[in-house]
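Some notes on the structure that comes next.
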Amino acid sequence: MELYKSLGLALLVLLGLCSQYALRDKGATLDSRPSSAASGWATFSWPFAAVSVAGPRRTLLQDVENDKHADEVVHQLIVRLNASRLAPLPVRPQERCVLTRGNWCMQFHLQEPVPRFPPPYYDKPCPNDCNGVGNCNHEYGTCSCPAGWGGADCSQPRKRPCHHMGEGKRDAGWHNLTAWSHTRCAGVCDDDVAMCYCPADTKYGHREAPPGAKPGTPPEQRGRPLFMCTPGTDKDGKKVLWGGTPYEDMFGPEGWCNADKPKFTCPCRLDGLLGLTCSEVVEQTCTNQCSGHGECNQGFCKCRAGWYGVDCGLRRRGVLPQPGDQWTTKPWIEPVLTHTVATEDPPLTPVRRRPYIYVYDMKSDFGTDLLQYRIEGSHCLYRSFARANQTSFVGYNAYAAEPVLHELFLTSEHRTLDPEEADFFFVPVNVGCLFDVYGWNEIPRWPRGLLGPRTHGATMMQREAARWLNATFPYFARRGGRDHIWLNPHDEGACYVWREVWPGVMLSHWGRMDFPHASNTAYGQDNYSLPLHHDSHPGDWRDHTSLTHPCFDPKKDLVIPAFKQPQLYNKSPFLGAPVRERDVFAFFIGDLRMEPGRDPACRYSRCIRQRLYNISREQHWREAHGVMFGERKDIGGDASYSELLSRSKFCFVLPGDGWSPRWEDAVLHGCVPVVIMDDVQVVFESLIDVSLFSLRIAESDLGRVVEVLKGVSEVRLAEMQAHLAKVWHRYRYMGLRMLDDSARAYLWDYRADAGGKAPRTPGAEFSVSRQDDAFATILQWLYHRIPDVHGTQQGGSKGAAAAAAGAGALVGAAAGVGAGVGVAAA
């Protein structure tokens, strides 16, 4: 698009020049045409033929000089246009598969594309039209219900009461229970989601819809929220042990719930509310923003008639296409909407490639409920809306790959709406979001009534999701779940997945290989090695989970990158930033937990970070070798994290409570990763020859770290840096509108600062491209796995057999290029 903008500008200027010189003399002929030769990355020919107009000739002074000036103007325009262009992207499969291991990449690129057909449409009705509050899935005739509603037709109450809630949706007694909880309410509870508001008898209290209003009617007045705002005294001045704010500040005449300009303000942390008094209403955040065909309610899309799906992206048979809200009433959602390829009718591209991925619309219990229950607005998201409905990335969400991958699978060209032809099935269960809300309330918990470790709750939630799939659809049982894709973004990945779920494809950020294994976390609530017995599973839960399988199986699973928004690597030369001198020899900044009593057993990071920190002090790493290692207070200075990474030669990749995104940080900045964690594969290590651009040091050699790094020659270091430039793009996610636009904005700014010149840094050609990014890498690998997953040699489906045959036929071709071990670096 940028090329077209530049071309358009250049052509407008040229047209103006042509008009000027042609009209200088009605009978004139453009005798001199600008040269088509131009240096740079492309050459453009003069687009206009000679123009001849009959009539009397007049001579203008200095014609030759003017023509020469025109020549120079055009030449400079073309030079500038070429200078603004990035280096060309790799095209041939051999170039695109550089540094890969095996033939998975070549198999994908050499497959024969097949015609793309219009999507299937469905028209099954739902009982009671889902009570007007839910969405009818017209493929299966089943209802998806929002929080507060349940049953086959969304007509049954399905409540989430606030903690210790009594009559009138008020607290059951401020003094008869002293425990604080996230969902304990000092006002009135919205018991659909356990959100607390000022009571109805205050000026800014929550007033529900009148009796008899149809289901789903919004409250007469939402009121001011009381989340994380609790009273320290009652109206008589008696101490309330679970609160902290004086009663008058909350409920007095000048207090939060009564005054137009209260002297005390409670925080506005609910998604969609901003401002000092929570009076500024902005758009709430939903999956792909309901595709412009629904209203977002805390993560649940209420679709307009004729539309359905978790993102309202599917159209009922017979319903005519219509413009979305982004074109009519909500232009502010347009920058976050990503086009859904699978619903194109007619298809905009004539062919498609495998794998075909079917994305389940999960039961609300496992999906949208978690988003509606989160209450803390920034949790579980990768983006949200700020003032004036300007969209922005959420500052930090360790598990943000969960919403990102869901949107990517929904909008991908590899998505199929026909489950019968699917090669794989993506199961979007919000286990990462569960970690953010687990324990705040008695709902959600799996099993109901038991508050075990978060890991146990996530395991049981996945187990119940798998059993629901098996009872509702025929596809899980067809191959024993082997073709079902599960994301496990937690700190220790899939270590504790239920054994019924384990045969599936596990995507996680943690490639721990040893077995048997035990939890390494320093956080007790995540310790999956704690014994637990319950009637819902006979015996110890570990006998069904961590004791039955490894954390990661490279034959069927994949270690994928954590999500990094472009802002987090905005100083990277790969994104167009000016190349900095790498004056930091080695670098690490992060949590060390060295404070007394914080981690007495030194479990966090396997004690690697702490031991290295002590060694760095003993050996004076910074003074003697230019190594920065420690927490921010140890590093000092004003340089941003991204800037420090871009200035470093080596960057340490160390575990945390399990995975840590330090590999991604290093690679995205062109810093050579130094991996210190035994028996753990790093991101895509089973797919890419990471030994060509990283170092691995055994935990037993911590005392020799600097010695090992000093032993790397300048030549080898340069080779590793060159290899990083060829694969860095596989470690970041693109393909969503907001991600693409953010990366493009950084590139444009850097280009403008450079006088319109595009960066020529090796690797910068990928700066704004989604080609072979992290998601594409996952899909390419999935294609390679079709024969193994489908077991086609035992007689899989016709489509799977064809895919397997095609993949098998390409093995020889791929081996011929890469000698059976991928494509070597150029």
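The first residue you see is number 1, and the count goes up from there.
Including glycine, each Cβ sits where the backbone N, Cα and C put it.
Note: TrEMBL annotation is automatic and uncurated.
In the disulfide annotation of TrEMBL, CYS136 is paired with CYS126 out of the candidates CYS126, CYS154. Noted from TrEMBL: CYS154 is disulfide-bonded to CYS145, selected from CYS145, CYS185.
In the structure as shown, the Cβ atom of CYS145 (disulfide bond) sits within 10 Å of 26 other Cβ atoms. CYS136 (disulfide bond) sits 9 Å from CYS145 (disulfide bond), counting Cα to Cα. Taking only the Cα positions, the spacing between CYS145 (disulfide bond) and CYS126 (disulfide bond) is 12 angstrom.
All protein chains included, CYS154 (disulfide bond) registers 27 other Cβ atoms within 10 Å of its own Cβ. Between the CA atoms of CYS154 (disulfide bond) and CYS126 (disulfide bond) there is a gap of 10 Å. When pLDDT values are averaged over the domain 'EGF-like' (122-155), the model yields 97. Long-range Cβ contacts of CYS126 (disulfide bond) within its own chain (separation 6+, distance under 8 Å): GLY134, CYS136, ASN137, HIS138, GLY141, THR142, CYS143, ASP153. The 10 Å shell around the Cβ of CYS136 (disulfide bond) contains 25 further Cβ atoms across the protein chains shown.
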